[in-house]
């Protein structure tokens, strides 16, 4: 909204210096600062409110260190969503389809997560929202994003095709399969971030690193000169995603102020599902979905550990009559907790791994 207001003021009065409003880098920085200020100013008030209403229940099977985390409020994802949405609406071109698709994804899955958290911590319903209803919400969002982009002729030509990472000469045309692909990616990534949200700061920090790389990809994809030089698909409007991405990064960093160990608040499913859907939708819109195993590497590894654990347990139970486990506990971060690693050490090492994976994904820009 501020973009349109300041553009109008510039058109009428032409004050010096206001031309910076046309620069994506300026608005991305402004969006980041705005999101961070919102978190730091309103965060304590939101935490005080949540502390009286919604205390996170601790699972009996959780590691010993985790069971000490009592009387800590959840639903902190509300402050993340507030910061991103307000900042995005202020600084991005809200008329761009990419902008409202990302903002919609965050609100949509944030609402699904909110219902789940509310049922668990307020209504005391064990398990919260049924898994099938979460899947319905994820599939519906994927269908909206995939369907809109596929049937919009101006977007379909660009988004239904992609290049293979490390081999840019090979182009894949998804065709109608772009819609089920969008559904799968939205569902998989939002669940992956949800699984990763088990240690103080792990999901927020990993998301900040992941989305920061997506911000870079979005900026390059939306700039015709850079896209041509790097031999990547130029997508008009993708640059606006940079602004939202930086708002997400700043919101996650601001949330770490309160969520770093020892945490004062948890993001809950409200935050993890919202952030996961944002990562998925941004990757889809800027054609980096095939790079997600690197860009969202920690989330991918955490999910893989759960799949391997459950699959091996079922296989050995069927084969031997007794289920066996590969990891001491899944997701993987709990395995290291069981081994006696300090929570801060696990989180920081996972962040380092995520940085290395993101840097690897950035190498694809120069590979022909």
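Glycine is no exception: its Cβ is also placed from the backbone N, Cα and C atoms.
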Please identify the range among 117-137, 201-221 that Swiss-Prot labels transmembrane segment. 201-221
Surrounding residues of the transmembrane segment (94-114) on its own chain - C-beta under 8 Å, 6+ positions past either end: 1, 75, 77-78, 81, 84-85, 88, 129, 133-134, 137-138, 140-141, 144-145, 148-149, 152, 155, 186, 190, 194, 237-238, 240-241, 243-244, 268-278, 280-282, 285
Counting a contact as 3 or more Cβ pairs under 8 Å, with residues at least 6 apart in sequence, do the transmembrane segment (72-92) and the transmembrane segment (170-190) touch? no
By a Cβ-Cβ criterion of under 8 Å, what residues six or more beyond either terminus of the transmembrane segment (139-159) are in contact with it? 97, 101, 104-105, 108-109, 176, 178-187, 233, 235, 277, 281, 284-285, 287
Note: vs the transmembrane segment (170-190), the recorded stretch with the largest number of Cβ pairs under 8 Å from 201-221, 265-286, 345-365 is 265-286
